[in-house]
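Here is what TrEMBL records for this protein:
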type     : residues : note
REGION   : 35-70    : region 'Disordered'
COMPBIAS : 43-70    : compositional bias 'Polar residues'
TRANSMEM : 208-229  : transmembrane segment
DOMAIN   : 209-419  : domain 'Cation efflux protein transmembrane'
TRANSMEM : 276-300  : transmembrane segment
TRANSMEM : 312-333  : transmembrane segment
TRANSMEM : 367-387  : transmembrane segment
TRANSMEM : 393-412  : transmembrane segment
Amino acid sequence: GWQASMKSGSLSYILPCNRLPVQLISQVRVYTSNGQKKDLGSEDTNGSTSEETPNKAGTGQDMSNAGQKQSFIKEPIQVKVKAVLKKREYGPKYTQNNFITGVRAINEFCLKSSDLDQLRKIKRRSPHDDTETFTVYLRSDVEAKSLEVWGSPEALARERKRRKEAEIKYRENLFRNQRLLWEYKEFFGNTKPRSSAAAMFFKGPGKVVMVAICINGLNFFFKLLAWIYTGSASMFSEAIHSLADTCNQALLALGISQSARTPDPSHPYGFTNMRYIASLISGVGIFMMGAGLSWYHGIIGLLQPHPIESLLWAYCILAGSLVSEGATLLVAINEIRRSARAKGLSFYQYVVQSRDPSTNVVLLEDAAAVLSVAVAATCMGLTSLTGNPYYDSVGSLGVGTLLGTVSAFLIYTNTEALLGRSIQPEQLQRLTELLESDPVVRAIHDVKATDMGMSKVRFKAEVDFDGRVVTRSYLEKQDIEQLLQEIQQVKTLEELEAFMLKHGENIIDTLGAEVDRLEKDLK
């Protein structure tokens, strides 16, 4: 009830009022993870006030108010009790539930493989593509075992320090410990079998490079003899051109052999970019040695012309060079066509995108060699017909310009590859559509795809997953009847917590499996 008095002029309105005694009981219970409950407190409030009503209020009205008072006291107050799971404090560093591999357990905790046989083995989803599951151990079990073996944390720390010093000493004396190195490799094993460096030069780009080295080496020898015999500036440019090609292709062979090296701790992603580095240096070498010396000799020929001897032998050597360079060019063209067909690209796209830098260098060098032979033969023929040595010097400048153009193209394409350019827009669109069309993906954001070279692409995207689809994917692999029985058997908070933790972890593993599936589809 309530009472209010309002006065307006001489009028006064008085409403009846009842001050009823009210008892309010509120109680909050907090449940911990072990099922205990705590009463945080209760509050009882009793209040009763009585106030005389004016004589103008009738007696019948007072009796009805008293009846309402008695009925209100009899009604109980409904209080909703909220159960709250007590928050567990893990602290800044919590590693009790962490998993650890056998190799890390041996290296970091100074254990032997026989020590791990006594520990619990857990099968987990493998992060590697070549295996589905692998064995891990609980970090807490490994730590306890290491303390059992070494006695105390101080003794374990001393052993770690001793092994670290031994590792540093071993690295300093690496060449004297080759046998021990092979024993370690045999013990840890390799994730993927790698072909030897020698086998790489009998197929693919290695074969193209080796053929080019042999042919260009012979061409340099015979062209050098022809220049010594004739004194032709164009023939000198051709000899320098063949020498530059031989040196650059030897550099490419070194890059191919280095790119096959096994990744080490200092270079965890391997040495595949060595092919691009070797091709870049090769382009610079062509520019400085080939183009530079050809321009220099052509300018000297223009400034200080001198008569040229018989060019018969020069023509013969140029003809042989044209045949040999043409054969190498055909080998490079066939290799690029085969590789481009395998990648689903055109010949032009494969060359411009620098998919295989070693083969591209051989292709462009041999194409330039064939053209330069034609330029040199034309200029030498004009010199023979007219007796004017300036045509020969102009031919040397033309060969130098051709080499400069090839070197500029090689420098540009290999620099772009080393910087990490984006993949083609249509390829990025295909990857984006593949992700967005998957039921488990709601949306993707901030998509980046970089061409790392040698048929490797680094793809990155922020993915918003659909939790309902992931959960349904997990439930489809479960026995629903058995799962329903487990739910019906849950009676206490402890059983509820165990049920949720068990299936929650399995759902997270299902999400990891979905991520692996998406990565496989993208590849």
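Here the Cβ of each residue, glycine as well, is placed from N, Cα and C on the backbone.
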Checklist outcome for this item: Note: vs the transmembrane segment (393-412), the recorded stretch with the largest number of Cβ pairs under 8 Å from 208-229, 276-300, 312-333, 367-387 is 276-300
Checklist entry - Taking a Cβ cut-off under 8 Å, which residues six or more beyond the ends of the transmembrane segment (276-300) line up next to it in the same chain? => result 233, 236-237, 240-241, 243-245, 247-249, 251-252, 254-256, 258, 354, 357-358, 360-361, 365, 393-397, 399-401, 403-404, 406-411, 414-415, 417-418, 453
Checklist entry - Short question: which residues 6 or more past the ends of the transmembrane segment (367-387) have a Cβ under 8 Å from it? => result 216, 219, 232, 234-235, 237-238, 241-242, 245, 307-308, 311, 314-315, 318, 321-322, 325-326, 329, 394-396, 398-399, 402-403, 405-406
Checklist outcome for this item: Per the Cβ filter (under 8 Å) with a sequence gap of at least 6 from its ends, the transmembrane segment (312-333) is approached by 207-208, 211-212, 215-216, 218-219, 222-223, 225-226, 229-230, 232, 235, 238, 242, 359, 362-363, 366-367, 369-370, 373-374, 376-377, 380
